[in-house]
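Before any comments, here is the structure.
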Amino acid sequence: MLNLTLAQLNFTVGDVEGNKEKILKVIDEYSEKSHIIAFPELSLSGYPPEDLLLQPHFLKECEKAFDQIIHHTRNYDVIVAVGLPYYEFDLYNALAVIHRGEVLGIYKKHFLPNYSVFDEYRYFRKGEEPLMIEVNGHKVSFSICEDIWYPDGVERQTALSGAELIVNVNASPYHVNKYSFKESFLKSRAEDNLCFVAYVNLVGGQDELVFDGRSIVISPFGKLVARAKAFEEDILTVTLDLGEAKRKRLLDLRWREGSYGREKVNVKRSVSLPDKEFFRGRIEENPKEEEEIYAALKLSLRDYVRKNGFEKVVLGLSGGIDSSFVACLAVDALGRENVKGVYMPSQFSSKESYEDAKALAQNLGIEFHVIPIKEIYRAYFNEFEKEICEITFDVADENIQARIRANILFYFSNKFRYLVLSTSNKSETAVGYTTIYGDMAGGFAPIKDVYKTWVYKLARYRNSISPDIPERVFKKPPSAELRPNQTDQDVLPPYEILDQILMLYIEENLSPEEIIRKGLPRDAVYKTINMIRKNEYKRKQAPIGPKITSRAFGKDWRMPVTNKFFK
């Protein structure tokens, strides 16, 4: 029997000292009940450290903290696996395996992702050697994140050399539908290699990335043995009968046949550890889609605010669905006492919008201010009229209202050190239906990667918990209220159609003609994609926000601003 502890923790990029202290605390508290304690990928530096990895003094701090962890383990009879940047003639994404003040081995990540949000080739050299140790007569191998996604990679090599447990440490970002696929594929890895697979993941928000945790252990029979909580720190200890791997291999000749002609991996070190208390696997519930997305957005917002030294946020409340939903999210993430809402009516704002914004603020119990912009707008208009003479009201006059509102919000930010939340959604950001330096402005954009139709679904989910958003907000046509009788559909296709086009174009990477063949209207498709192309300059200047789809604007989307291609 082997007791494995997966330390699913929320680390902070660059806080080497704080991250080290978290690691030491877990070692102190869990060494008596564990044979192996595994921490996530690059847990010492935080993930992703990006260009901090190019600073020698940062690497020196990581090395110093690593030495302190090694020293700390001298009095504990437990194996500790810690992720860190490791310099040895070159820089590696590494995993150090330590026992009683001695490094048993350093595993260096083999497969470096360089797609989507990942840039690991920019920083790291690929590792080449596997790492397998023997614990109480059982072979245990280690790997890092991307390595396990390759069916014939290091896990296969060590399994065919007798590994009964593969410990894979991760910093795997969340997006919708990823977890179910990941769990299914990890079960396949365990069944194919006829061994236990333990997958420990990071949890928390880091800029635009969200890490969902949900560390899991799978048996050689493909059975889920243990699963940690979603979107929360969790320490998961489980007792594994590693003899299961041997029993399974005696029944399944694939392992024997697959091992012929393969280069064998030798055991790096053997360690004998005392028997420890039995722990049955705990399987935490997997959240449903709306609950999962909401938890991701909430965690991302909370971590961005707190890790960057803010306490309070301010946002404009328009009486519409986007700002209403973001206000609810902010209250749930930060507490009502830390959220300020500002309603800024113009001559085009309706009485209903004021009533809905006020009702929302009262329901949430947040501080609520009303600052009319009509006279401010008139002062702008009068000054422009002196120079331009006759002015015909058009989109420039609409946008100046949004920019006045942004100035007011940033006054609160500057005066009281509140973080301004942008309430722009993915549908608007995609097609540029947002005012640059206006409603698009902010320090963080919590729904930047949430399609408009999803905003409605998530708001309904939030109202099922507490009905704080007035029902009228769901039913009225969406409008920026920048001119009389305006609705979003004056300019855009219906959101039900628009969002389908956006998903097919952005996430599934289809061409306009391929989208049309899916049954969507030709005019709407070409209009939408032309708007996407023309508004790249806006997206380049948008605040960051959490990635929750398979392809988000930001690190995931690297289109040129100057671009003539359109087919």
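Every residue gets a Cβ built from N, Cα and C, even glycine.
According to Swiss-Prot, the feature domain 'CN hydrolase' maps to 2-242. According to Swiss-Prot, the active site, proton acceptor annotation covers Glu41. Look at Swiss-Prot and you will find Tyr115, Ser172, Lys178 tagged as L-glutamine binding site. The region 'Ligase' feature in Swiss-Prot is assigned to 287-567. Under the heading ATP binding site, Swiss-Prot lists Gly316, Leu317, Ser318, Gly319, Gly320, Ile321, Asp322, Ser323, Thr423. The deamido-NAD(+) binding site annotation in Swiss-Prot covers Asn399, Glu428, Lys538 and is backed by sequence analysis.
Cα to Cα, Tyr115 (L-glutamine binding site) and Glu41 (active site, proton acceptor) are separated by 18 Å.
The secondary structure of Gly316 (ATP binding site), as reduced to three states from DSSP, is extended strand.
The sparsest Cβ neighbourhood within 10 Å, among the listed binding-site residues (Lys178, Lys538), is found at Lys178. A Cα-Cα distance of 15 Å separates Lys538 (deamido-NAD(+) binding site) from Thr423 (ATP binding site).
The recorded positions examined here are Glu41, Tyr115, Gly316, Ser318, Asn399; by Cβ neighbour count within 10 Å, the least packed of them is Tyr115. A gap of 33 Å separates the Cα atoms of Thr423 (ATP binding site) and the residue listed as 'active site, proton acceptor'. Looking at Glu428 (deamido-NAD(+) binding site) and Lys178 (L-glutamine binding site), their Cα atoms lie 25 Å from each other. Other Cβ atoms within 10 Å of the Cβ of Glu428 (deamido-NAD(+) binding site), summed over all protein chains shown, number 26. Secondary structure at Lys538 (deamido-NAD(+) binding site), taken from DSSP and collapsed to helix, strand or coil, is helix.
When the record's ATP-binding residues Gly316, Leu317, Ser318, Gly319, Gly320, Ile321, Asp322, Ser323, Thr423 are compared pairwise by CA position, the greatest distance found is 12 Å. The maximal spread of the deamido-NAD(+) binding site, taken as the longest Cα to Cα distance among Asn399, Glu428, Lys538, is 14 Å. The binding-site residues listed here (Ser172, Gly316, Ser318, Asp322) include Ser172 as those with a Cα within 10 A of the Cα of Glu41 (active site, proton acceptor). Lys178 (L-glutamine binding site) sits 25 Å from Asp322 (ATP binding site), counting Cα to Cα. Cβ neighbours within 10 Å of Thr423 (ATP binding site), excluding its own Cβ and spanning all shown chains: 26.
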